[in-house]
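Trainee: Submitted below is the structure of interest, expressed as structure tokens.
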Amino acid sequence: MKSNSSTLIKLLVLGCLSVVCVAEDFDFFYFVQQWPGSYCDTKKSCCYPTTGKPAADFGIHGLWPNYKDGSYPSNCDPSNPFDQSEISDIRSSMQKEWPTLACPSGSGIEFWTHEWEKHGTCSESVIDQHGYFAAALNLKKKLSLLQALESAGIQPNGDSYSLGNIKDAVKSATGFTPFIECNVDESGNSQLYQVYFCVDTSGSDLIECPVFPHGKCGSQIEFPSF
């Protein structure tokens with residue numbers, strides 16, 4: 001009887017472990033948007049995509065699976081490379097909302113390939129390739145980040161704004177606390193670069209962040225034009 005009980009317990013433990021492995025490859029997503037004016041206003045500069053200069057709006061950087069301890073998985077499935085035919089119906093939206101600013105100028109394919117293969121493959125147990133990119137597009141539409149800032153009088157005109165006011169404006173409009181990442185312009189001034197939100201493992205619903213990335217901004221940061 002004892003050996004039967006022991007076997008049963010082992011089976012239950014193994015069963016639980018297998019379920020956990022399938023269901024919880026990660027704990028949440030970071031959804032990251034970047035301000036193109038800050039990407040370009042650095043010593044490195046930028047190159048507009050082959051489709052032309054993007055709109056003066058936040059662009060998607062990525063949708064990144066993360067763990068609650070602050071670490072993250074990456075490059076989870078080399079056998080599932082980016083396939084542009086999977087996103088043919090949303091490609092024009094991606095060119096608009098998820099543009100590349102890296103040099104040399106590109107169409108976006110290299111950027112999206114990197115994002116899918118490094119980050120997206122780590123969520124493939126939950127959403128497929130098309131679903132991954134569609135989820136990011138839907139989140140951007142849901143958040144209306146630039147509108148949230150402008151409604152609070154925070155304009156991309158090169159002026160400096162309080163970091164606290166920026167966070168408050170975003171939280172007031174979206175209901176969730178953002179993480180603000182800064183970079184520095186050619187003169188060494190801190191500027192609004194990227195805004196992080198946390199999203200549940202379905203890729204559709206915003207949540208409060210279990211953990212924020214490392215990094216900090218000054219108390220006053222510039223919001224450059226683009």
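In case you wondered, yes, glycine gets a Cβ from its N, Cα and C as well.
The following feature annotations were taken from TrEMBL:
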{"type": "SIGNAL", "residues": "1-23", "note": "signal peptide"}
{"type": "ACT_SITE", "residues": "His61", "note": "active site"}
{"type": "ACT_SITE", "residues": "Glu115", "note": "active site"}
{"type": "ACT_SITE", "residues": "His119", "note": "active site"}
Trainee: Whole-number Å distance between the CA of His119 (active site) and the CA of His61 (active site)?
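Mentor: It is 11 Å, counting Cα to Cα.
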Trainee: Here are the active-site residues: His61, His119. Which has the lowest count of other Cβ atoms within 10 Å?
Mentor: His61
Trainee: To the nearest whole angstrom, state the Cα distance for the pair His61 (active site) and Glu115 (active site).
Mentor: 8
Trainee: So for Glu115 (active site), how many other CB atoms are inside 10 Å of its CB?
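Mentor: For Glu115 (active site), the 10 Å Cβ neighbour count is 21.
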